[in-house]
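Visitor: Take this structure first; my questions come after.
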Amino acid sequence: MSEVATTLEGWYSLHDFRSINWSAWKSADDEDRAMALDELQAFVQEWTTVESTNKGSSTAYSIVGQKADFMFMHLRETLEDLNAVETAFNKTIFAQYTTKAYSYVSIVELSNYMSSANGGDPMDNPEIVARLKPILPKNRYICFYPMNKKRELADNWYMLSMDERRALMRTHSLIGRSYAGKVKQIITGSVGLDDWEWGVTLFSEDALQFKKLVYEMRFDEVSARYGEFGTFYVGSLLSEQSFEDMLKL
Ligand code: 76R
């Protein structure tokens, strides 16, 4: 058996995609709509408390295309907390005007391919903790997709030696690093939690950089030979104001 890569885990993650039932929303009376918007605002404002007490982070993005209309990304300490925020939204009046489009459950993950373990407890390292429990960036654009590493007879990532995987991950990270300052990525592990092995969440001020980065990585052996990809979602940041603007009739 090949050496298992060791991983560090941080906050649990839920990507919660919803579609809006516009005909129901439009036929609601003004009072119901106003109540729904007030309650939605309170739901979003609650995230500030969660972030300031370091118990998690949440963000909202509108989604372009027909796969969904908007998404929440929530990071929380436990699966129960994640479930609670999902349920809290389901109980809102506004949720009655939405349908579930897709969801993804995972956990923020760092692997040991690139790290030079220095013997200490990694959780004492504030840089590592900040990466495992990140405050979600407020960049204009998000890109999310799930992925696997291939397990086929000829190309089986999981049967490569640790040294081979480490060497491949090195070139992967070199490409990644060349996008420093342009794209921020959060890798969440989902083996045993959801249908794919990882969730990839990218943030940028320029959506074109998603295409550039993902395309460049396709030529890198880790993605070219071993990457398998799910559905891509792309969208733009919903502030309290733009969320309200989106719902204005
Ligand atoms: O320790 C680190 O996080 C830095 C090195 C690094 C690892 C270990 C790294 C860097 N990644 C790592 C792990 Mn990545 N990454 C992806 C995708 O579309 C595709 O082809 C692949 C989707 C992107 C776009 C991306 C970006 N990475 C992983 C893993 C886990 C692998 C495993 O354990 O087997 C996956 C699935 C994955 C996928 N990666 C970077 C980036 C970027 C931008 C970086 C540079 C980050 C930085 O240095 O700031």
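Using N, Cα and C of the backbone, Cβ positions are placed for all residues, glycine too.
A TrEMBL annotation is a machine prediction, not a hand-curated record.
Residues or ranges marked as Fe-coproporphyrin III binding site by TrEMBL: ARG131, TYR145, PRO146, MET147, ASN148, LYS149, HIS172, GLN185, SER223. Annotation comment: TrEMBL describes TYR145 as active site.
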Visitor: In whole Å, how far is SER223 (Fe-coproporphyrin III binding site) from the residue listed as 'active site' when you measure between their Cα atoms?
Guide: 14
Visitor: Given the Fe-coproporphyrin III binding site residues ARG131, TYR145, PRO146, MET147, ASN148, LYS149, HIS172, GLN185, SER223 in the record, what is the largest Cα to Cα distance, rounded to whole Å?
Guide: 23
Visitor: Taking ligand 1 as the reference, state which of the recorded positions ARG131, TYR145, ASN148, SER223 have a Cβ closer than 6 Å to one of its atoms.
Guide: SER223
